[in-house]
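Residues or ranges marked as Mg(2+) binding site in TrEMBL: Asp18, Glu205. For Asp18, the entry in TrEMBL reads active site. The substrate binding site annotation in TrEMBL covers 19-23, Arg31, His35, 63-65, Trp67, Arg69, Arg186, 192-194. Positions annotated as active site, proton acceptor by TrEMBL: Asn66.
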Amino acid sequence: MSADTTPAVPRHLAVIMDGNGRWAQRRKRPRAIGHRAGARAVNVCIDFCLEKGIGALTLFAFSSENWGRPQDEVGALMKLFLNALDREVDELHRRGVRIRFIGQRERFSESLRARMAHAEQLTAGNRRLQLVIAASYGGRQDIADAARSLATDVANGKLQPEAIDEHALAARMSLADLPAPDLFIRTGGDHRISNFLLWQLAYTELWFTELLWPDLDVDALQKAIDDYAGRERRFGLTSAQVNPGAVENSPA
Ligand code: IPE
Ligand code: IPE
Ligand code: MG
């Protein structure tokens, strides 16, 4: 395994935190209670990354499509985001966490946007863990925004169409300054990407669990990174190419 392509511990973990609603429904409680319980699991996940030395964590908190949920659920989620920012940001800052947000933040209320900006400014110099919250985020939107940004430069004569390649597009996408996620985790039992980081997950290792997000614990996270550590990432090459030292067991 080559050290720069497959580090033993993921450099960047991307997580779809799914299953809050079902967690509440199983307890015959309103879905909002599940979201509140889910906020606790966020701390479990952040603590785990800090402990393991995982350098970047991207959490899918709210998708572009989630705006279509019933108004009272969207309202409850917005209140929860606001409270979570008020409650957690100072402590995260103290622990060396840099916080930022990706997604269409203009869709959030003024007060929420102000808190997001404050969290980003306060923690901008931190290096221990890069925490990215994807909120009102859609992977397709991300790609479309990058394409529009390139097209604008072409229209203004700043860029030749021939100069547009995958690196040029990647440079305009969210998370351009971070390594692509090494590991993706989705809780809640569904095996899909749900418009999360479509571009950035091209060669990410995927791991799914039936656990509902509020039930997430250290054991589950450890299982995920143990499983990851045992995988061979080939990036389109052969096993012998990426792992030349391994004993070949091929027929004569
Ligand atoms: C994930 O949990 C949180 C958000 C999408 C905001 P869900 O609310 O999707 O929970 P389920 O999937 O309905 O159980
Ligand atoms: C994905 O979960 C979005 C977040 C966790 C924020 P969803 O619950 O919205 O995804 P689907 O509807 O099951 O695909
Ligand atoms: Mg869901």
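Note that Cβ sites are derived from N, Cα and C of the backbone, with glycine treated the same way.
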### Query
Of all the binding-site residues given, Asp18, Gly21, Trp67, which has the fewest Cβ neighbours within 10 Å once its own Cβ is left out?
Trp67
### Annotated recorded positions Gly19, Asn66, Glu205, filtered by Cβ under 6 Å to ligand 1
Gly19, Asn66
### Message
Need the DSSP three-state call for Ile193 (substrate binding site) to compare against my parser.
### Response
coil
### Query
What binding-site residues in Asp18, Trp23, Arg186, Ile193, Glu205 place CB under 6 Å from ligand 3?
Asp18
### Summary
One finds that other Cβ atoms within 10 Å of the Cβ of Arg186 (substrate binding site) number exactly 23
### Query
Between Trp67 (substrate binding site) and Glu205 (Mg(2+) binding site), what is the CA-CA distance rounded to a whole number of Å?
28
### Query
Ser64 (substrate binding site) to Asp18 (Mg(2+) binding site): how many Å between their Cα atoms?
15
### In sequence order, those binding-site residues of Asp18, Gly21, Trp23, His35, Arg186, Ile193 whose CB lies under 6 Å from ligand 2
Asp18
### Query
For His35 (substrate binding site), which residues in the same chain are close in space, meaning a Cβ under 8 Å from its Cβ, but six or more apart along the sequence?
Asn20, Gly21, Ala24, Glu73, Ala76, Leu77, Leu80
#### Entry: Inter-residue C-alpha distance, the residue listed as 'active site, proton acceptor' and Gly19 (substrate binding site) (nearest angstrom)
14
### Message
Using DSSP and collapsing to three states, where does Ser64 (substrate binding site) fall: helix, strand or coil?
### Response
helix
